[in-house]
Every structure is written in C-alpha cells, then in structure tokens.
Amino acid sequence: MITARNIRRRIGGLEDISLEVPAGACTAIIGPNGAGKSTLLDLLAGRSRADSGAVEFGGQPIADWAPLDLARRRAFLPQSLEVAFPIRVMDLVMLGRSPYHGRVSAQEDRAAAETALRLTDAWHLRDRAYQRISGGERQRVQLARVIAQIWRPGSQDGEPRMLLLDEPTASLDPGHRLAVMRLLRDLAIAGIGVVLALHDLNDAARFADQVVLLHQGRILSEGGPADAMQAEVLTSAYGAEAEVIRAGDAAPVIVFR
Amino acid sequence: MTESTIAASGEGAAQPAAVVLPLLVVAVIAAFLLSVALGPIPITLSEIGAALTGGPVDAMLRDIILDLRIPRSLMGLAVGAVLAVGGTAMQGLFRNPLADPTLIGVSGGAALAAASFIVFGASLAFIPDGLRLYAMPVAAFLGGIIVVLVIQRLAQRDGHTDIATMLLAGIAVNAVVMAGIGLLTFIGDDTQLRTINFWMLGSLGGSGWGPLSAVGPVSLLVVLACLALARVLDGMMLGEREAQTLGFNVETAKRLLIVAVAAGVGTAVAFCGVIVFVGIVAPHMVRIAIGPAHRPLLIGAALLGGILMLLADTLCRLIVAPAELPIGIVTSLLGAPFFLALLIGRSRTQSV
C-alpha cells in the first residue's frame, strides 16, 4: 500500500530507507529517541518530501495525489495534541470530516464522528471543552478525529486506506493503552493499513504484524516481531542490555536490564 | 444512554451562534440609529425617518443626517467590520488569540507613509489640488501594502510562508517603521507633528460619501473573502501541518488571507488612521460567546466590530462636544483593560 524506495532526508537524519507497508496489517516503527521514527512517518504520510528516493501510496507517487483524495484515504495522528482555541470535543472530531465537505450528508459525518468517539471510548466527552480534559483523554479524542477522517461505512471497494500514528498510546493508562492497541489491530484486520511509532516494545511484540527497528536513521532490523526484535539487535539499538523471554506461541516479552 | 440524549448532543446541546448572531444584528441597528441621533446637535428618530424618506424636515438637519451622520456611521460599521474580521483572520493564521492586523505591519506601513506625506506632501507640487484629498489615503494604503509584502517576503522559507518567522519579522520591521515615524515627528514642524499625532490616534471625522465609496466595497469584499476561507481557518486550529493533512491548500489560503487583510485594513487605516484594539477585542468576545468555528465567528466579529466602532465614535463626539476626541483614545481606554484581563485570564488557565 505504501512503498518507500531509498528515501533520504537530511533534516531528521534518515538515510536510504526502503520499506513496504502492507494494507490490512499493523506495522510498528520502533527505535530509540532521535532514531528518525517521526521523520519516517511524516514521509510515509506524504506530509514532507524526501530529499531523494520515492514514496508511493496505492501505486501512485504520494505527491501526485490530489490533497483531498489523499485526505479521505490517509490520516495522521501527530504527537502534539494542541488546538489553538477552546473547542468542543465533538466539533474537534468533526474537523476530521472536513475532506468530505459537500460530498456526504451532515448525518453521515456526524455518524462517523460518533462511531469514532465510541471506538476510542471518548463518546462521553463529546460535549466537553477539549482544553479541559486530561492528556490521555485528548489523545483518544484526537485518535477519534483521525479515524473519523478515513471512516467510510460499508466500504469494501478496495480503495487504499491508511492510518499513521505517532506514539498513539504515549499518554494513556494501561487499560486504555491496551484498548487502543486492540482497536488499531482490529482496524488493520478490517483492511486499513496501520503504521505507528511506538516506544512500548511489548505492545509491538503483541499487536504488530511487522516491526521496523530504526537506529540513527537506518533500518537495523525488520520483519515479524520475533525476527525483528532479537536481544542483540535491541541491545545495540537502545544501548541497554535487552533480554527477550519467549514462552511457546505467546508474544515474546522484552525486558531491559 | 437514551436515544433522546444522543439526538440532542448530536445536534450540539446549544447552538449559541443561532442566538447571538441575530442579537448582534439587532444591536448593530440600535448602535447605528444611536450614532446617527447623538452628537453636538441631537436628532430624533422621526427626523432621521423623515430625512431618509424625503419627509418634512429642517434643511440643515437633513444635510447633517444625510451627508455627515449617516455616511460617518456607515464608515464606522465598515471600518469596525474590516478591523475585526482582519483580527479574526490573523488570530486564526497565527493560532493566537492575541494577534491582530498590526502584526503583519499594515498599520505601521500606512502610518509611516501618511506621516511622510504630512511632512513632505507640501513639496509634492505636481499633485493637482483636486486629488490632494485622496493623495494621503493612497499613500497610506500603498505604505501598508508594501510593508506587508516586505514582511511576507522575509518569512518565505522553501516556497512557503513561515508564520513564526513572519511574526518575528513583523516585530522587527514594525520597530524600523516606528523609528521612521519618530524621525519624521522630529523633523516636522509643530503643525505637522499635531497632524501626525491625530492621524496615529484615528478618527472617523474625515468620513463622507467619497471615502465610504472606497472603504465600504473593499470592506465587504474582504469580509466575503475571509468567509470563503473560514473552513481552512477551522482546520488551521489543529496547526498548519494538520490542516494540510486534512487536504486544505494552506499555502494559498495563507497568501490570500494576508493580501485580503492588508488590503482591507490598509484601506480603513488610510482614511481613518490607526485604530487599535477593535481587531483583538471583537473576535475574542464573539469567540467566548459562540465558540471558535470561523464562519459564524467572522460574521459575529464583523457585527461586533461595527458596534464597538459606532459606540466609541459616538462617545468621541459627545465627551468634548463640539470638539472631537480621536477615536483611538477611546478604543485604547476601553480596549487596554480588556486586553489585560485577557492576558491575566490566559496565564491563569495555562498554569492550571
């Protein structure tokens, strides 16, 4: 669905990354601070341009997409969750429906926003002021906004849809963190390509279909969680001794010492 | 959860804009009639009605109503609307409730050009006397636009306008402009100094059908242009990158907004001088009342901006009648305390 070939970007320090992000799967980008995770996500989302190399979305160079067509198929959850002016939660999520303006009915927009808020367990916040809810609640509300952006009820038309998320669970309590990871996996099963930058390696091991380990702007390892997250490579990437505990078919557990 | 609560909340528990905007329209009409009626010579509503419908009314009163008060009040509405809409657009663009059109240098540039014209204008003998009346507004308008373009040029980075750089460039260029005005007041004689000071404080005293025929249509166009960009401004609440990710053409919108605000505020300032705080206060008050969605916000700010200008101008005419106070003194006296309250309120909510 998204194909990156030999992309470089000096600002952000990405060097020669080639990557295939499939539809219907959950891809986790992991790596230490400053490894280039956010830069890579931005490039894959078409939010910034690579100095060299190519990014394609749905078989077409991502820069060639009409902005509104792309916006209805690809949403991005940034790390920064600030909104300039006091706004009601429901109105904020409805901003995610802007690309559908004049194309679908107001009821359909509202239904998409409601579904998204229910999926992220934030429906009860809909009439609250966004600036007055907690950091974790804001993250779920913004997640609802980006889900609403690519939400199309009953769409089985095979059009590519992509959700890119920069540390979507950073401010969440353990219960909501697991709920959001399960939600993202379910969205992937429903056919959406999900890519997320993640710090929690155990979540990556448990929920991702594909893991990409970045270190100093290069891919250090990639593949299924068990293959990409070996103890030696994690140790060298994070500069702390990693131990990978495996028990049968369950997802491996990673501990740093 | 019952179906009825879902339906009610889906529509939004309350639609304050549907209540506030009609109230503002009523208030505009009231403020308009008030500003036409009040002045050194008081005028009754029936006299206004008679003058408008060609009924029996004293000829001098008719002239005052039709040629002085009404164009002046319409001018107040147009100038207030364009300042407030310009403020709303700049606040949305800079994502900051304290932004106003002076940030992009339009007022400073216009003031520098106007002050230059006041000091050196007499030596520009080639201007025919008939055009002298409009030469200063034209100079002020051009001065405003030129400074905005310089600031925007300085803020260009890889083909896009960097808003943070524009803010800083605006502060630096405004400082240079203010130094220029200071220099002009230094070399000007006493009369010129007084004229410059008066111009810097703003006044609707120069209103008439002629200036209104310039300011009115430009204001209307600028308000409509900003309304057309209301949805981009909504998207900009999330930040420029997020608005782009939502499919908005942010670069084009930024340029259009800056040009529209420069043209609108430049025209207003050219005829009425620098009028401060309306551009900050009006959008902020309306935003508190009806929320940040820009379509109703721009309409509400335009209406409230007009109301504030009319009330301030009426006060100016009454306080020291038959003389007139510069309107900038009144808007500053009323606007500055509000601005301080805004700052204090902001720091309080941010520290929580």
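Heads up, the Cβ atoms here are built off N, Cα and C, so glycines get one too.
As given in TrEMBL:
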- B:19-38: transmembrane segment (TRANSMEM)
- B:74-94: transmembrane segment (TRANSMEM)
- B:106-126: transmembrane segment (TRANSMEM)
- B:133-151: transmembrane segment (TRANSMEM)
- B:163-187: transmembrane segment (TRANSMEM)
- B:208-230: transmembrane segment (TRANSMEM)
- B:256-285: transmembrane segment (TRANSMEM)
- B:297-320: transmembrane segment (TRANSMEM)
- B:326-345: transmembrane segment (TRANSMEM)
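A Cβ distance under 8 Å defines the sequence-distant neighbours of the transmembrane segment (B:163-187), meaning residues of its chain 6+ beyond its ends; these are 93-95, 102-105, 108-109, 111-112, 115-116, 118-119, 147, 150-152, 154-155, 157, 193, 196-197, 200, 240, 254. Only residues 6 or more beyond the boundaries of the transmembrane segment (B:133-151), in the same chain, are considered here, and those with a CB under 8 A from a CB of the stretch are 104-114, 116-118, 121, 124, 127, 166, 169-170, 173, 177, 210-211, 214, 258, 262-263, 265-267, 269-271. For the transmembrane segment (B:326-345), the partner stretch with the highest count of Cβ pairs under 8 angstroms, out of B:19-38, B:74-94, B:106-126, B:256-285, B:297-320, is B:256-285. Scored on C-beta pairs under 8 angstroms, the neighbour of the transmembrane segment (B:19-38) with the top count among B:74-94, B:106-126, B:256-285, B:297-320 is B:297-320.
Panel annotation: around the transmembrane segment (B:74-94), residues 28, 32, 35, 100-101, 103-104, 163, 167, 204, 207, 211-212, 215-216, 218-220, 222-223, 226, 229, 233, 236-237, 254, 257-258, 260-261, 264-265, 267-268, 271-272, 275, 278-280, 282-284, 294, 297-298, 301-310, 313 of the same chain, lying at least six beyond its termini, place a Cβ under 8 Å from a Cβ of the stretch. Residues 75, 78-80, 82-93, 97-102, 104, 106-107, 109-111, 114, 136-141, 144-145, 148-149, 152, 161, 198-204, 206-207, 211, 214-215, 218-219, 221-223, 225-226, 229, 233, 297, 301, 304-305, 308-309, 312, 326-328, 331-332, 334-336, 338-339, 342 of the same chain, all 6+ positions outside the transmembrane segment (B:256-285), place their C-beta atoms under 8 angstroms from a C-beta of that stretch.
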